[in-house]
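S.K.: This is the structure, below, for whatever I ask next.
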Amino acid sequence: MPPVQKSRHRIDPDAIPSPIQVIEDDKAKTTEPFTTGVRGQAPPLVTTNFQVKDQGNASPRFVRCTAYNMPCTADMAKQSQVPLAAVIKPLAILPPDETPPYLVDHGEGGPIRCNRCKAYMCPYMQFIEGGRRFQCSFCSCVTEVPPHYFQHLDHTGRRVDCYDRPELSLGSYEFLATVDYCKNNKIPQPPAYIFLIDVSYNAVKSGLVSIICQELKSLLDHLPRENPEMDSVIRVGFVTYNKVLHFYNVKSSLAQPQMLVVSDVSDMFVPLLDGFLVNVNDSRQVIESLLDQIPEMFADTRETETVFGPVIQAGLEALKAADCAGKLFVFHTSLPIAEAPGKLKNREDKKLIVAFPATGGVLQQPGETPALLGFFLAGLDCDKAITVEFKHDDKLSEETGALMQCAVLYTSCSGQRRLRIHNMAVNCCSQLADLYRNCETDTIINFLSKYAFRGVLNNPTKAVRDTLVNQCAQILACYRKNCASPSSAGQLILPECMKLLPVYLNCVLKSDVLLPGADVSLDDRAYLRQLISCMDVAETHVFFYPRLLPLVRVKLESGALPVAVRDSEERLSKGGVYLLETGLHLFLWVGASEKGSFLSECCFVFQTSLPVLENPISQRLREIIDSFRAQRSRYMKLILVKQEDRAELMFKHFLVEDKSASGGASYVDFLCHMHKEIRQLLS
């Protein structure tokens, strides 16, 4: 990219790399579907809308890499400091115009694998000796082909059935697992969902218990199922609790649900097996009767204390007793201060929101109480991403490239044991210039943020921040020294595909986890840490650099989506209206000189949702908000912010190119600081 000229005067923000420009350029050049057949080809950015055609490598919706040209040696990797990692979202849901992974059944013997390294059959395996054996591309070991899997080879050495078999022609597919892949060599039971509802005074009086019971009645019709035409096979169970736990027998033969109370919370057990976990359709009347009765049963409660540890224990014990996997959904509203395992003390004076660092969905609205919290067991779902780092244990070859295979063994919602396989081939390079030509900044930021957010558990926050800045400076100094053409030291030269690394890294450094403001509690930080730990690349992108759309009447009337503007107060016009999306929240900012015509057309007597009005502006705005919400795994609440209102402070927190209230540098200042660090490393 052209060098950024630094002078004594303030740098012009328009002269430094713009995230919006990069995003729009990528959209403009992506006109064809992305085909995955070419090794080491970087996909379009996560902000670009594109179609994927699987031709032998996993779709970027499943796997994204930090670099698509991996360094051949560990020394080269160390010299560049570019993190070598992949962000894998193994169960991602594909858009309607893309085919979900095919299910392959290799028979009673189970999926065919390499004898030595146990890699699963994939497009990279080389068939030899007329198709009777195959050589593993991962470890080079030769394995016999079972007679039932034998097929002849064509004149190029490929099997003649190659394109009829997903595992020989596609990057992603599934294998049906045999009993060898099951716990205790037993085909698993269908999973169960257990709903555990806090019925303490706080939960009942706020109306939360009532809402939960009403919503559950309709949600039970939408339990996951393999086939939309069939009923779900997931069983359900119900527990309510305050200082003690109440289990419910909802067996279909009962006229009314029966309650069993466990008051000894120090020694938790499940008081019933038969009738606790039931099929929804069989027991619908009893379940509906229970959900109608719960709010009435506890309407006059005076019990303010709750337990929490025994609630989780009860759920786990119930799943264990039923010998099935499942999920616990805990609706909890207050600090568990009752005498019991897992009792917590209020550790901060301000109003506290408990957030549990679980491996699942936590619903939390900052500053609101009661907080509605969902706690799921360690389970992998379609929204979870895993970030993995690669290390060299030997030299790689430019000729063969590098291969990776990810296998997830899981139980489907119908109780079927399956293996989801994703394969990815990338190039290898011995020249630094090739490495810097084919990196993906958004994935690098996903990796660095997760690495840093894990680091704060064992290191001082300042040390973690300094390490991030230092690594970024080393990445850019190595490029400057080895790949850029000679130029004056006063110029900052960035690699084309990494020119947004400084602005995005600054956003990570200014996040509430690494630079908390005075009003950020320990629990808020724990909540964000947990949230980001399982985000994919698209989610971390919008979280660290929110999307800011000017709602221009002409654009809205034409039906086009307005082009976003940069996240800075300088870009806001006093007479304008803007929509800001963070992936967790939506803000509608209204300028002080907005004449009210825009608002009157959208009728803003609203709290969190727009009223349905029959005019084109209102309709188009609702469409945009609905489409933003559809792209995210969490429901984003809409918050109205008027310029110069108190609520504007929260909105300004997300204008990440500006200096932050907690002392975080502006983009311009951070770029100057980064330039200084690079110059120090080079001298």
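Think of each number as a place in line: the chain as shown, counted from 1.
Glycine is treated like the rest: Cβ placed from N, Cα and C.
Unlike curated records, TrEMBL annotations are generated automatically.
As annotated by TrEMBL, domain 'Zinc finger Sec23/Sec24-type' applies to 111-149. The domain 'Sec23/Sec24 trunk' annotation in TrEMBL covers 188-352. Taken from TrEMBL, the feature domain 'Sec23/Sec24 beta-sandwich' applies to 377-428. Marked as domain 'Sec23/Sec24 helical' by TrEMBL: 441-540. What TrEMBL lists as domain 'Gelsolin-like' is 561-593.
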S.K.: Using a Cβ cut-off of under 8 Å, list the residues of the same chain at least 6 residues beyond the domain 'Zinc finger Sec23/Sec24-type' (111-149) that approach it.
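M.R.: Counting only partners 6 or more residues beyond its ends, the domain 'Zinc finger Sec23/Sec24-type' (111-149) has Cβ contacts under 8 Å with 56, 104, 157-159, 167-171, 175, 177, 400, 403, 405, 407, 419, 421, 423, 425.
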S.K.: Averaged across the domain 'Zinc finger Sec23/Sec24-type' (111-149), what pLDDT does the model get? Just tell me the whole number, please.
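M.R.: Mean model confidence (pLDDT) across the domain 'Zinc finger Sec23/Sec24-type' (111-149) is 97.
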S.K.: Run through the domain 'Sec23/Sec24 helical' (441-540) and tell me, per DSSP, how many residues are helix, strand and coil.
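M.R.: Output for the domain 'Sec23/Sec24 helical' (441-540) reads 65 helix, 2 strand, 33 coil.
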S.K.: May I have the DSSP-based helix, strand and coil counts for the residues of the domain 'Gelsolin-like' (561-593)?
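M.R.: The composition, in the requested order, is 3 helix, 12 strand, 18 coil.
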